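First up is the structure itself, then whatever we jot down about it.
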Amino acid sequence: MAALAPLPPLPPQFKSIQHHLRTAQEHDKRDPVVAYYCRLYAMQTGMKIDSKTPECRKFLSKLMDQLEALKKQLGDNEAITQEIVGSAHLENYALKMFLYADNEDRAGRFHKNMIKSFYTASLLIDVITVFGELTDENVKHRKYARWKATYIHNCLKNGETPQAGPVGVEEDNDVEENEDAGATSLPTQPPQPSSSTYDPSSMPSSSFTGIQIPPGAHAPANTPAEVPHSTGVASNTIQPTPQTIPAIDPTLFNTVSQGDIRLTPEDFARAQKYCKYAGSALQYEDVSTAVQNLQKALKLLTTGRE
């Protein structure tokens, strides 16, 4: 992808979007779609903050130039041309990053890349708002991820051992107040494959129950925070990750829609979104999440209910 023209210095008024712009830069080569939407979020947010003062107008103008250049380069990408595909791509990417950090946390492996992944996941959930209001689930994920990043960063900074796994979330504790946590540099090497998997049944009763992670979801071998390059290892030495496939709802085998079912445009949009989520999950070889979303789409289309 062609290099983008640099931006002028960030005006102080736009401090709240500096980490979103940094995330965009980090993903220019890693995932240009994520980079595009991070800039779009920064643009929309910046316009609301200040679009009148000269320095802000100049900055937003240059940022708009970057967006237009990216859109030309990604013009044939469905995640750019179709909002529902872009929303699914971004949400799935953020969830994978969250799950990686969550699994590392539950296993007691506390390190900078895990903190970075928690914080970046929260930033990407911010970015999802370019498509509309967040779901309650995403709001809870964002709050938990941002709090966890701050909590673990402060523990390590003070030489303390963080408590692993979900614990009570402290109110009004915003990681953005601690730039070190959000700006932690990624290591040059990707994190090593994790043998641990997320097991919803293992969550203690005292856990933060507001976080609902899809059952069967697992941490990918390499977190989206760092996509590895080819290592030259022969493909026949790579073992697939065991996955637990959810049970199929037997009522879905009867796919004949009931005659009195009238689907609204919103129903069709939701069904399409579930299918896009399934396709996006398969990009990460996450069969369980794909199956769950396809079942939701089928149930909606055949019964009119979710």
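Cβ coordinates come from backbone N, Cα and C, glycine included.
Taken from TrEMBL, the feature domain 'Vta1/callose synthase N-terminal' applies to 16-158. The region 'Disordered' annotation in TrEMBL covers 159-246. Annotated compositional bias 'Acidic residues' per TrEMBL: 169-180, in sequence order. Look at TrEMBL and you will find 194-209 tagged as compositional bias 'Low complexity'. For 232-244, the entry in TrEMBL reads compositional bias 'Polar residues'. What TrEMBL lists as domain 'Vta1 C-terminal' is 265-302.
Taking H, G and I as helix, E and B as strand and the rest as coil, DSSP gives the domain 'Vta1/callose synthase N-terminal' (16-158) the counts 119 helix, 0 strand, 24 coil.
Shown for the domain 'Vta1 C-terminal' (265-302): DSSP residue counts in helix, strand and coil, namely 35 helix, 0 strand, 3 coil.
A mean pLDDT of 95 is what the model gives for the domain 'Vta1/callose synthase N-terminal' (16-158).
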